[in-house]
Amino acid sequence: MLRTKQQGPTVASIRKAIQQGLDRPDSPAPSVSLSSRTAHTAPDLFEQANVNFTEKKWVWVPHEKEGYIAGYVVKEEANDAVVVHLMTGRDVAVNINETEKVNPPKFEKVEDMADLGYLNEASVVHNLKQRYASNMIYTYSGLFLVAVNPYYNLQIYGADYVAAYKNKKRNEVTPHIFSIADAAFHDMLHSKENQSILITGESGAGKTENTKKVIQYLTAIASDHKAQSGLTVTGHSLEQQILSANPILESFGNAQTIRNNNSSRFGKFIRIEFNLAGQIAGANIEWYLFEKPRVTGQSKQERNYHVFYQFMKGADK
């Protein structure tokens with residue numbers, strides 16, 4: 001049995017530091033590789049600066065708007081004071097204890113942030129931002145998968161991607177929500193024990209969409225197991241019924257807010273049951289913390305649940 005659960009909030013500092021990159025209208029077209037390394041990359045920090053990393057003492061300096069800006073120490077003074085030449089061209093005086101160390105170029109856009117030589121907040125934010133600029137929205141952090149909402153559709157969830165991640169080890173493919181789902185599925189089959197996937201984040205982070213992708217992947221590989229057993233997968237199959245339940249849940253439980261046009265106003269606990277052959281045997285969806293007051297009143301610039309507007313649009317005049 002596999003279970004997924006949504007919960008919030010996430011670390012606000014990461015969102016603040018990469019916010020400027022999230023809404024960029026000039027974002028490059030989607031180009032995500034199925035192999036363990038992608039060929040489509042943005043220039044790294046030191047390519048942009050046209051400098052040699054080994055010749056300088058690089059540090060991250062906190063910045064009110066950018067989160068952090070990289071630079072190198074040009075002068076060391078008494079009482080831990082240093083002068084840092086920033087990538088922006090400015091020289092600033094700071095206390096060395098307020099800075100963080102910059103990782104060497106070989107760690108640029110690393111797939112697992114647990115591999116970073118200097119694991120600090122600045123390096124985490126920078127790595128996520130650099131990967132996002134290359135349309136790599138998924139990044140591992142040890143056992144966890146970090147997802148950055150691209151705010152537009154990336155063509156990385158089709159049948160070709162399902163096939164690419166099926167039965168693949170984590171180090172054989174790029175970070176992806178499908179890889180997490182595949183690992184949970186096979187751990188369940190091999191250990192004969194229940195597995196859980198916890199999807200957490202603040203409003204608009206992508207919890208609902210990634211939950212749907214987990215369900216999409218599990219139903220797809222379960223259908224493959226059914227087909228291998230000689231059974232037919234039809235439009236009325238249990239797999240299709242599970243997928244069809246999501247739009248109904250969103251109609252009754254999602255609404256437009258200031259931050260998110262399709263915000264889930266409740267938590268979901270989804271249980272998918274499998275038999276020993278890896279075929280879906282049942283499913284159950286529980287909801288909790290439903291925002292009932294929204295039915296009778298909404299904040300300014302927010303709306304009621306989608307279902308009421310759908311009723312009005314479909315009603316006879």
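Using the three backbone atoms N, Cα and C, a Cβ is placed for every residue, glycine included.
Summarising the annotation, TrEMBL assigns ATP binding site to Gly201, Glu202, Ser203, Gly204, Ala205, Gly206, Lys207, Thr208. Annotation comment: TrEMBL describes 54-104 as domain 'Myosin N-terminal SH3-like'. Summarising the annotation, TrEMBL assigns domain 'Myosin motor' to 108-317.
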Confidence summary for the domain 'Myosin motor' (108-317), mean pLDDT rounded: 91
Collapsed DSSP category at Lys207 (ATP binding site): helix
Among Ser203, Thr208, which are binding-site residues, the residue with the most C-beta atoms within 10 angstroms of its C-beta: Thr208
All-chain count of other Cβ atoms within 10 Å of Gly206 (ATP binding site): 17
Among Gly201, Gly204 [binding-site residues], residue with fewest other Cβ within 10 Å: Gly204
Cβ packing number for Ala205 (ATP binding site), 10 Å threshold: 20
Fewest other Cβ within 10 angstroms of its own Cβ, chosen from the binding-site residues Glu202, Lys207: Glu202
DSSP-derived helix, strand and coil totals, residue by residue, for the domain 'Myosin N-terminal SH3-like' (54-104): 5 helix, 29 strand, 17 coil
